[in-house]
Amino acid sequence: MRLRSGTFAACCVVIEVLGVALFLRGFFPTPVRSSSRTEHQAEPPAPEPSAGASSNWTKLPPPLFRKVVIMLIDGLRDDFVFGSKGVKFMPYTTYLVEKGASHSFVAEAKLPTVTMPRIKALMTGSLPGFIDVVRNLNSPAVLEDNVITQAEAAGKRIIFYGDETWVKLFPRHFVEYDGTTSFFVSDYTEVDDNVTRHLDKVLKRGDWDVLILHYLGLDHIGHVSGPSSPLIGHKLREMDSILMKIHTSLLSEERETLVPNLLVLCGDHGMSETGGHGASSVEELNTALILISSAFERKPGDIRRPKHVQQTDLAATLAIGLGLPIPGNSVGSLLFPTVEGRPVREQLRFLHLNAVQLSKLLQENVPSYTKEPGFEQFKMSERLHGNWIRLYLEENNSEVLFNLGAKVRRQYLDALRTLSLSLSRQVAQYDIYSMLVGTVMVLEVLALLLLSIPQALSSKAELEVPLWSPAFSLLFYLMFLVLSALHVIVCTSAESSCYFCGLSWLTAGGVMALISALLCAVVSALAKMFAAGKFLSKNPAHPKARWSELDVLILLGTMGHVLSLGASSFIEEEHQTWYFLINTLCLALCHEIYRNCFLRDDCEPQQCSHVEEGFVSTAPALQDRSIHCNMLEPHRVSKDPTSLDTLRGCEKWMVLASPWVILTCCRLLRSLNQTGVQWAHRPDLGHWLTSSDHKAALSLLAALSLIVIFALVQRRCSLTSKIAMALGLLGVYCYRAAIGNVLFPWQQDSKDISKGVIEARFVHVFVLGILFTGTKDLLKSQVIAADFTIKTVGLWEIYSGLVLLAALLFRPHNLPVLVFSLFIQTVMTQFIWKPLRHDAAEITIMHYWFGQAFFYFQGNSNNIATVDVSAGFVGLDTYMEVPAMFLTAFATFAGPVLWASHLVSFLSSETSRWHQHNKEETLACCL
């Protein structure tokens, strides 16, 4: 069966999409959901258990608190309150924690540690998934059961001030609100003042039941300056004074009403040592949670150390405190210290309601729930609770009743802890079978694409798929039967839910048939290549072109990296893989250079093959090969002045030293930023430079880096672009000085700090100007005159504009990363790629490797917390979504983007050089 290349490619794309979708469906498991309260309908509470006696307590318990104030401080790490900073900057809060009527906790957040999923976790008690990281940019309304909806349904009047994410999550739930944008991280004063300005009036009013305040300033300071910034202390002191104002107002109100109120101080997530968040470090997960109320009596000398709890426990606690049903999807358990002062019967009633809700959730999400230890503990607790109720209703006040009550309480707490753990573990379980099926489909299509490229790119542009051959049919039916049997075994023995097993047998059979057909096609293509003897040929069109050692390294390194992504530990430390690969590549290039220089006679055939497969083979003019066929002879091309055998003196020594120079640069860059997971906490040169004690050294380094950047980039720019580049780099330093990162020589300190909007926009103007000039030249070469020289200049100016933008967005201590990137590109261009005549495929892979390595040299990782959000607001005085997203993405992936743009520019310049060489050869032939 013959297929055209377009048809074959379209079929491969469709199958790839299906495979990736199936893999993602297994990788992002279905969250734990309750089907009983999908529309928040009122559900009668579970009656109090009884053994032979009839209990009349069938309603929800009354509220424990008259008013509830939730003061959420974004990015409030636990050590900001319970550590040395709390003692120094939050004295009133520290007093409440150590001696006041309060209960303190270290609340552990779950991944992902970004604001919107954490708000959902606090109010619903459920565990959001990673898809909420994307939704965090534009939060949709919460449709699942939550405390806010329950409170509104119960007639509670809710007021909110702060992060507008709440307004998006809970629209039409607040009787009064004032939202502020959370993404403009450069603002850490007005964003909090807009919340505090309402406090004096609202605290004097009595027309509300729940007040929610979400302060963003602390998190914004972390993003811009990190947790060690002096601004952190000022912000904590400000938050402490606000807490004191709220608490004092609530206490004065309690003296009149004699009903306790509740003040909750909490954080949605912490912040890493670099100020970001989103990942799983202890600093990002652990947040402070303090419940303050006059109902929490404390005896003199009673020391209450912060206990470790889950962040999802707050939803159940707030529901009990407000006299509301616990959200149906909550996996949290009641914070028992909040009710331990109540009578025993009320304590057991609260625990029983929580246990019933968790057991129902377990029954709806775990098929084998009866085997779960938490469910068995719950049933035992319920029976003991019934016995206690029977004794209580008989008015038995003996010691037996007291001891049995204590036992039931312990049993309930153990059951709640086990049930919550089982449900949380259910969310973290991957659908391995669906992931495996999707992975097999993707890998089979990739293998088939790689094996079919020579046929697809041939002159006929079609390929033969032996669908009807007997051997193909026999293998197909055999594989189909084996896969179908495996599918039946897996689906009948699976204890947890599986998406692929839930599909109809017809759909699953179609997928099995597709996998069998793809496998047979791959085997057939491999057999044909082995039969033709082309498997070891680098280019099937030229069977004598063999793989060099460098080609084998590039192939094995790329494949090894892909395979390493199958292990989470290699993903977390992926930077180590890239560091190893580029170091190995440098050593391989050193070996190749030395062999070509000192063992020329032995390597002459290989040298010729390199030249034959060099840039000449990638030039567009090869389409007219009949005219210029004599120019493709190896000895003719070797006369090119950039070939290795023509280098003499200093140039030859530079070629010999270039791999070692690149190795040295890479080693220096590794010391600049520690990244990954295991070693991210280790001190590095970046931390030393960014400390306030070494600002003069950072200023000098930044100035020298900007000068070197200009020297490396300007050499191929037009005069206009050179001037724009010089002024733009000067503006970069002025911007960093304006925001206090660096100093001018005449400055003693950085007291006059601004947002640097004018300076940053000054640089943006030059960036746009250089990009416009390069784009104009590029369009001119394509539309007006087919001049490769103009095209090359245009591409280089676009590249230089991107370099200027990267210099603006990079933090000052990261400017050496940009310098070394440009320096390594220059060295490899002049002393490796041109002299050794590497072909386009090799150079493309090298660019890809170095681009990935420089992504990690910047301090990035596969951890979302390393994303520098502040870069998205350079030059912006208000939040604009599209520019902020573009600038953040570019600053994050500047390394790969700059290496990719350099690749395009380099290949274009080589094509231009070949065309010039071609013209000279043509003239020589004519003469």
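One is the number of the first residue shown, and numbering goes on along the chain from there.
Including glycine, each Cβ sits where the backbone N, Cα and C put it.
Bear in mind that TrEMBL entries carry predicted annotations, made automatically and left uncurated.
Residues or ranges marked as transmembrane segment in TrEMBL: 7-28 (among others). Here the transmembrane segment (7-28) has Cβ contacts under 8 Å with residues 129-131, 430-442, 445, 448-449, 452, 456, 463, 499-500, 514, 518 of the same chain, all six or more residues outside its ends.
Among the features that TrEMBL reports, region 'Disordered' is placed at 34-57.
Counting only same-chain residues 6+ beyond the ends of the transmembrane segment (432-453), those with a CB under 8 A from a CB of the stretch are 8, 12, 15-16, 18-27, 463, 490-491, 494, 498-501, 511, 514-515, 518-519, 521-522, 525-526, 529. Per TrEMBL, transmembrane segment is recorded for 432-453 (among others).
The transmembrane segment annotation in TrEMBL covers 465-490 (among others).
Residues or ranges marked as transmembrane segment by TrEMBL: 510-531 (among others).
The domain 'GPI ethanolamine phosphate transferase 2 C-terminal' feature in TrEMBL is assigned to 653-914.
Nonlocal intrachain contacts for the transmembrane segment (696-713), taken as residues 6+ away from its ends with a CB within less than 8 angstroms of a stretch CB, comprise 689-690, 725-726, 729-730, 732-733, 736-737, 741-744, 800, 803, 807, 812-813, 815-816, 818-819, 822-823, 826. The annotation transmembrane segment is assigned in TrEMBL to 696-713 (among others).
Positions annotated as transmembrane segment by TrEMBL: 725-744 (among others).
The transmembrane segment feature in TrEMBL is assigned to 756-773 (among others).
Within its own chain, the transmembrane segment (793-810) has Cβ neighbours under 8 Å at 706, 709, 713-714, 716-718, 721, 725, 728-729, 731-732, 735, 760, 763-764, 766-768, 770-771, 773-781, 817-818, 822, 858, 871, 874, 887, 890-891, 894, 897-898, 901-902, 904-905, 908-909, counting only residues six or more beyond its boundaries. Feature annotation from TrEMBL assigns transmembrane segment to 793-810 (among others).
Positions annotated as transmembrane segment by TrEMBL: 817-833 (among others).
The annotation transmembrane segment is assigned in TrEMBL to 884-907 (among others).
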Report, as numbers and ranges, which residues of the same chain sit near the transmembrane segment (817-833): CB under 8 Å and 6 or more residues beyond its ends.
589, 593, 651, 654-655, 658-659, 661-662, 665-666, 668-669, 672-673, 705, 708-709, 712-713, 803, 806-807, 810, 843, 846, 850, 854, 857-858, 894-895, 898-899, 902, 906
On the domain 'GPI ethanolamine phosphate transferase 2 C-terminal' (653-914), the mean of the pLDDT values is 89
